[in-house]
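Taking it in order: structure first as structure tokens, then the write-up.
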Amino acid sequence: MVECFFAQSPIINFKVFRDVSFTTGNIVMFFAFLNLFASIVLLPIYLQGIMGYTATMAGKVLGLGGIATLFTMPVVGVLINKINPKWPMAAGILIASGSTYLLSQLNLYVDFNTVFLPRVLLGIGMGLLFIPLTTMTMSGIRREDMGNAAGIYNLLRNVGGSVGVAFVMTMVSRHSQRYQLQLTEHLSPFDRSYQMAASYIAGMLRYQGYGESASAVAADGIIYGQTLRQAAVLAFNDTAYVIFVVMLCVLPLVLIMKRGKAPTQQGLH
């Protein structure tokens, strides 16, 4: 990296980071894609692993977010020529943050409408963010540096998505274990709530034809299974809330970016 920075004709020209808008835009895009890919990974885990949704139902939830982005981006493309691009950027970050906050409030009893709303809001937020962010990030880059800058921009965007996936998987796994340990402390014959739940479930199983011993064992298994599900939901909520806070911290960076001319189409894709 040091050689590339001081060489006359480097393979990767890091001097483009001297432009404040380019540097800031890359940071915003990194965390925006972290949020996007984290949500894409979290929702199927929650829907299929915890709520018992089929792959088709989970796909419908994710697909609605893509449709929201599809309809939002053309509108934003027109708006940025008439208003300051910072406004749709800020709105996009706020909406995306709000969608992640809603994810952090989910529980074991939500319905389909409650689940798909955060995904649709995320699609709208990302649709508002991407076009003005790309425009302002590249606005100060010289034409001869555009290909190099676009390559760096796309690289950091992909890295942000990869970091998001790794982050949420690690955090969900670790927090699930922590909550599991905390919740299983109450699975004791001496805990009154556990005694009542086990007795009730065992009674229902005996009514369905289970024997005395089999109903007691099955009741313990059902309670433990619910404990694991609840631990997973709490871990899911923690992870989504951390991403929500991170996205809010990114919002002030929009103020640093400078409005300039739209970049050429070379290399932006």
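Cβ coordinates are placed from backbone N, Cα and C, and glycine is handled just like the others.
Worth saying up front: this structure is predicted, and the values here are computed from it rather than measured.
Sequence annotations record features per position, and here TrEMBL assigns transmembrane segment to 27-49 (among others). Within the same chain, residues 55, 57-58, 61-62, 89, 93, 96, 99-100, 103, 106, 115, 118-119, 122, 126, 129-130, 133-134, 137, 153, 156-165, 167-169, 172, 232-233, 236, 239-240, 243, 246-247, 250, 253-254 sit at least 6 positions outside the transmembrane segment (27-49) and bring their C-beta atoms closer than 8 Å to a C-beta of that stretch.
Per TrEMBL, transmembrane segment is recorded for 61-80 (among others).
Taken from TrEMBL, the feature transmembrane segment covers 87-104 (among others).
Residues annotated as transmembrane segment in TrEMBL: 116-134 (among others).
Annotated transmembrane segment per TrEMBL: 155-173 (among others), in sequence order.
Taken from TrEMBL, the feature transmembrane segment covers 239-257 (among others). Remote same-chain partners of the transmembrane segment (239-257), defined as residues 6 or more beyond its termini with a Cβ less than 8 Å from a stretch Cβ, comprise 20-21, 24-25, 27-28, 31-32, 34-35, 38-39, 42, 86, 89-90, 93-94, 96-97, 100-101, 103-104, 106, 136-137, 164, 167-168, 171-172, 175.
Counting residues 6+ beyond its ends, the transmembrane segment (87-104) has Cβ neighbours under 8 Å at 28, 32, 35-36, 39, 42-43, 76, 79-80, 117-122, 124-133, 136, 236-238, 240-241, 243-244, 247-248, 250-251, 254, 257 in the same chain.
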